[in-house]
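Take a look at the structure set out below.
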């Protein structure tokens with residue numbers, strides 16, 4: 001930021017009220033024609049500074065915290081950034097990460113779901129009891145677990161959206177009740193071992209060791225992103241609409257390519273690409289698409305922005321809210337299966353409040369606004385990466401959970417403060 | 001103005017707890033007609049508008065659409081009939097961009113995916129955005145960044161985007177400048193010429209005089225007279241709004257309106 005405060009715009013940005021901001025944004029969007037000659041870098045810095053000033057931080061804070069976390073732990077213990085540890089982190093994030101992706105849907109509405117930890121524990125217990133204790137076919141047990149998650153989410157969503165009980169209270173009751181039901185389902189035995197066979201056991205133990213696959217996926221992901229952005233841009237240009245300048249497409253593509261290939265390289269160096277990570281990424285990408293590019297996602301964002309305005313535009317607010325809670329419950333169940341798979345058992349401590357707190361913290365650290373209407377599923381991925389990195393680093397340097405909780409709590413508080421400040425700043429700049 | 005009215009209201013009642021907001025409201029509006037709904041604060045204008053758009057359904061009474069009785073219980077019901085509204089508080093989602101707000105609830109999709117390009121193209125063709133916004137902002141900025149007048153343009157744009165048969169407007173010029181208001185009134189004229197029925201709530205009797213064919217006065221939630229706007233003076237309407245004409249004494253002591261002009 002220091003360097004960005006260069007001349008050329010003396011005081012303008014600070015004094016700039018709303019109109020100037022808006023026109024500037026328009027110019028930036030307008031891209032090329034306005035000021036063709038300016039070099040990309042300076043322009044990028046300028047636009048970055050505008051964004052920071054007006055509080056539109058995007059993924060920047062979480063990426064910075066992730067880098068800081070990694071640098072700190074790497075300097076404390078040289079095994080931290082080893083392929084083995086990074087690969088482990090990549091598998092560890094999947095369970096809580098999926099739960100966090102579900103939470104994103106509810107947070108986008110401006111609500112919160114406190115029951116996800118208990119729901120993931122309960123559904124995992126249902127799966128284990130059916131599959132291990134009663135010999136039900138595994139697919140049937142999995143489907144039952146997922147349907148239970150969806151049903152619980154729908155019930156809570158209904159109580160909130162239709163009956164009008166605050167979501168906080170409904171899901172707090174759920175937190176207790178579903179945990180109790182899990183203990184009841186598990187019965188006297190307390191812990192159920194999954195063993196090494198079956199789909200769920202495979203989920204987190206399976207690595208796809210193939211350089212072609214790893215780099216191929218990285219290339220494919222980058223390629224698809226580039227082609228889609230490029231085509232969209234060309235269509236816009238053809239239609240005579242403002243399009244992104246080419247350097248920005250290149251910059252964004254590089255932003256995808258670098259982490260993808262780095263991840264492929266690191267993972268390939270250990271045991272290959274974890275199957276669980278691929279499943280997680282598929283959910284993140286798929287649901288991001290749903291949120292940003294479909295009518296359904298648009299409705300969720302609209303309700304999070306202004307529920308009454310959404311209702312007046314004819315959106316079925318009740319149904320959309322119920323569905324978001326159902327999504328949260330279902331993803332809690334899926335996440336629960338991955339967590340079960342990781343430890344190969346379900347026990348009385350499954351679906352603890354730590355999971356709940358980590359999932360919510362991940363979404364918020366990743367940049368989902370607690371006030372609703374802002375955030376993506378990528379927030380969940382980046383946020384859980386920060387949290388899991390802290391947890392893993394603490395274990396490596398031999399610190400206790402006590403310290404780990406305190407640090408994670410500090411990061412969470414920092415994220416919420418940042419969210420509130422950026423919201424205030426956006427208000428000042430007429431952006432919220 | 002032959003045939004059944006586009007919308008006819010008979011005996012519309014609405015109650016908020018102990019407050020009777022609307023009592024036995026009667027109203028008719030034909031295609032290609034501009035009806036101004038005027039009244040003092042709290043007269044029930046906005047409540048009536050919300051009953052028509054389904055945002056706050058009426059408790060009792062009959063709503064007829066082109067001569068057929070219909071039920072408007074939700075905003076969707078009104079939209080499906082072809083009714084669009086601009087609310088006093090605009091009802092925009094500040095976190096969505098202009099295009100997102102314009103198409104909220106009736107997005108253009110292709111194979112289930114939002115067709116942003118098609119939506120943006122139509123947004124750019126939209127009259128109110130082009131003529132009302134002094135500095136046309138990008139249609140891709142969040143509504144939160146827009147000025148009050150620009151937001152109002154977006155709200156108006158959204159209402160006419162669906163090519164409604166009945167357009168209900170609650171104080172649509174409140175945030176507009178003088179020039180923009182004039183342009184807006186021209187827009188109303190053009191919509192009327194295309195056969196749109198328009199119901200306009202306005203405190204600005206100048207606007208009412210300029211575009212309305214008829215004025216319906218509400219007072220304390222009841223009808224308080226209908227006026228043919230071109231042949232009625234400003235003052236007649238005002239006295240009906242304030243209830244001055246209710247009073248025999250004031251009627252006796254008042255000079256003919258023409259003398260006062």
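Cβ from N, Cα, C; glycine included.
A TrEMBL annotation is a machine prediction, not a hand-curated record.
Bear in mind that the values here come from a model prediction, so they are computed numbers and not experimental data.
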Discussion item. Of the ranges A:273-291, A:292-310, which one does TrEMBL flag as transmembrane segment?
Written reply: A:273-291
Worksheet item: Counting Cβ pairs under 8 Å that sit 6 or more residues apart, are there three or more between the transmembrane segment (A:403-421) and the transmembrane segment (A:55-73)?
Response: yes
Worksheet item: Can you say which of A:93-109, A:139-160, A:249-267, A:318-339, A:351-371 has the most Cβ pairs under 8 Å with the transmembrane segment (A:116-133)?
Response: A:318-339
Response to the item:
Ranked by Cβ pairs within a distance under 8 Å of the transmembrane segment (A:93-109), the first of A:249-267, A:351-371, A:378-397 is A:351-371
Response to the item:
One stretch in A:139-160, A:249-267, A:273-291, A:318-339, A:378-397 has more Cβ pairs under 8 Å to the transmembrane segment (A:167-187) than the rest, namely A:139-160
Fill in: Recorded stretches the transmembrane segment (A:318-339) and the transmembrane segment (A:55-73) touching, at least 3 CB pairs under 8 Å
no
Worksheet item: Which bits of the chain, at least 6 residues beyond where the transmembrane segment (A:378-397) starts or stops, bring a Cβ under 8 A of a Cβ in it?
Response: 59, 62-63, 65-66, 69-70, 72-73, 76-77, 79-80, 85, 88-89, 92-93, 96-97, 100-101, 103-104, 280-281, 284, 288, 358-359, 361-368, 403-404, 407-408, 411, 415
Item to complete: Take the transmembrane segment (A:249-267) and find every residue of the same chain, 6 or more past its ends, with a Cβ under 8 Å from one of its Cβ atoms.
Response: 40, 44, 83, 86-87, 90, 214-215, 217-219, 221-222, 225-226, 229-230, 233, 273-274, 277
Worksheet entry | Long-range Cβ neighbours of the transmembrane segment (A:273-291) (under 8 Å; 6 or more residues past either end) | 87, 90-91, 93-94, 97-98, 101, 104-105, 108, 202-204, 206-209, 213-214, 217, 264, 267, 297, 300-301, 331, 334, 338, 341, 376-378, 380-381
